[in-house]
Ligand SMILES: Nc1ncnc2c1ncn2[C@@H]1O[C@H](COP(=O)(O)OP(=O)(O)O)[C@@H](O)[C@H]1O
């Protein structure tokens, strides 16, 4: 294959391009041609296609997510809001906490162990990139019916993957959820949350400024994993027989990630970086375009300097590769040597792959030939925005009318019936003890876990001298949300809020993972619109801003969407963790109160 | 009894962190000249009956559906040579 | 480049829970007639130079001191046959 | 002079800071040791902490065992310096042949994290003097490859020489032969332990504070020596 350079693109305007296979729509492809004033090169097309995918561009959800900003409650606690890798919250005593929940649903269905493992890896790098030391993880999960044969394939792999990766990183697992419901049979939900702690002055942002500053790629070598994964995996629907395409699956290396964490924290401590970004979905396409567009000036990358695991990769593939455990940093020339030294200490490969330039373009070269020449903002931020049609489903009234209200639900009228009802509840997999899962997770490592399973919220001490701590709970109820998306999202928030308060912490901020079906279905889009509206309204009332989160769409099997499942995480602060309130009765003779009505 | 071996290796394009860790350690231990290391699994199956085509076909199916994860792994089924 | 394979298996007297788990699962999946399963490791080493006696001796030493833990494991070193 | 207890960090060590905290709470001075540095910086004793050094790839502890710091530790351990290996550290000690046997995959094939009851069987080691014979304690246990195995002859010898330091009670969490949770070398200065006493040193974060005894024991041993 000949190299598709910018010059070549200019000379061959009519060349056929696989924009459709890469998930782009005709009008999106036309937009790209308009932005560039020519046809894109293969490498440019790769970048636009991954960055403009639903997963990276939030093109269907953006118009609704805006409300989290518009209805943002006044809060002194927000240090960094939506838009960065993760939001940052002031928790006092000079400390800041960052937390975020993300999904890895589709990859985990295809390859449960690696899908879930790399889900943990991805969210941990997001938190690290903010300048924080990751201190805990949580894992809200949804599976199909407990007795379905495919649950047997999916569940043990997912749990082992979360444990395998999180345990090896040395991050305590302080909570999560396990819910079984047939609606998740062909589309389990694997959401992962990470909490990180830093001092205010350590906050780092993803931006590249200052001409002459170096772009350093460090961590794992780049391989052929997950190429096209972003656009295909996260945006296409599975049919009932399983995944139609089997794109390369990413394999995680938690040991490499542990080294990445330690080296990065040492690099932060010595103040060696100006801007930093993790490589997640969309890999280098995302990191370079986001860093460049958030800064001033342009960027020049020599793509052939990227260390490869597979020497046959083309520039397009290198730009799209989702190889795990990589980060990209902007470093002043005078600090490069020390940066590389720290990486060497931790056996982490680090390479200068380019620099910040005076111009306004992101230019990428392959053995001296220009293969990408784009305005970085057009890749990272100016993706399409859809106002998808939505309408209250025709079946919504019937569904609500059929709901078991107090009047219609037959109450047990005798001992036998009461026993049967009790046994039915007690025997439900959703009520059963989760210890067979949580016993596979390390909750002790780091030695700061104050509350973890089976408590209402997870709580972590962040200062051993003052006993300052934070707590997090996640909740979500797809059945409620299906019945009434507006209220269902609010219920999820209220429950997580209560769980944090019950442990003794003051709720401060919210992160959310919005798991829904196809946005192209007006019914689903209505659920999404209602749930976001409900969540934004409730956050305003409770005074807890949404600091960030993640949207996962196309969660469906064939035409059937999962229950709309917004998972809401609430973060709280407690100034003295020794005053925490565990669940359970501590001593005989204590009084029991019921609060609320 | 007859023995059939199933070797399961990660596909070449899939990252093999274990093999890499071994490869990086070897030179430190004084073993130079090794360009690449991949680590996989070896299953030794002892059959009750003879190793005929039918038995091999069944084992191949077991490897395909169970012993290997063909999303990320390749496998080879072979009859163990005498004297091993 | 030449390939040398090192197979590492738990010694027969050491319990192999992984192999046992596979063996117990096989009949449930419809694969009968398998009397025993042991699971071990397979290392594929790509040598930079030729596979001569000196190279094999070094690999045997690496297997003995590093790739296998001879307290609990046995190993076999062999040159990969052609055409594999 | 305060007693100095070194805690080694290998790439992938996880419980190194926890071990340092336990050393501090016991009244000694924790000293961070780096795997590439042969120098032990005048420490009086060494802890090899838990974690997944080198990702636990190949075998747990197999790659760490060849790090420069281990050369010195092996040398010093043979001269009588107290060494405690916890979990991954225990695996490193077995791989180094400072302790017999090996640690293999749990019989459940799952990683297990639980509050584990143990009986201290030998109070004569450098790390268990502060316990009473037969004392039962609860400390966290968390491992995927914690099943202690050795051949019958070695097991019999360990029993006969009283070198089993701690045994699992109530539940054997990983299928360890003869319920073995920890062992010592013949001299009693090198101890390997699968459970994590360093996670049971504060009432706030541990199930008990019964793990502290390992760290106070070595302090007494060194002060009396
Ligand atoms: N996937 C999981 N990962 C970690 N902890 C979990 C997970 N699922 C449940 N837990 C924890 O187990 C405990 C009990 O969960 P659950 O029965 O769902 O309680 P609740 O109904 O109070 O939310 C909680 O502390 C919860 O955080």
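Cβ atoms here come from the backbone N, Cα and C positions, even for glycine.
Shown in sequence order, D:15, D:49, D:50, D:51, D:142, D:143, D:146, D:193, D:194, D:195, D:196 are the residues of the chain, 6+ apart in sequence, with a C-beta less than 8 angstroms from the C-beta of residue D:87 (active site, nucleophile). Summarising the annotation, TrEMBL assigns active site, nucleophile to D:87.
When secondary structure is read from DSSP and collapsed to three states, residue D:196 (active site) falls in the coil class. Residues or ranges marked as active site by TrEMBL: D:196 (among others).
Per TrEMBL, the feature active site maps to D:198 (among others). Long-range Cβ proximity for residue D:198 (active site), meaning a same-chain Cβ under 8 A and a gap of 6 or more residues, is found for D:15, D:18, D:19, D:21, D:22, D:47, D:49, D:50, D:86, D:211, D:215.
Mapped onto three states, the DSSP output places residue D:87 (active site, nucleophile) in coil.
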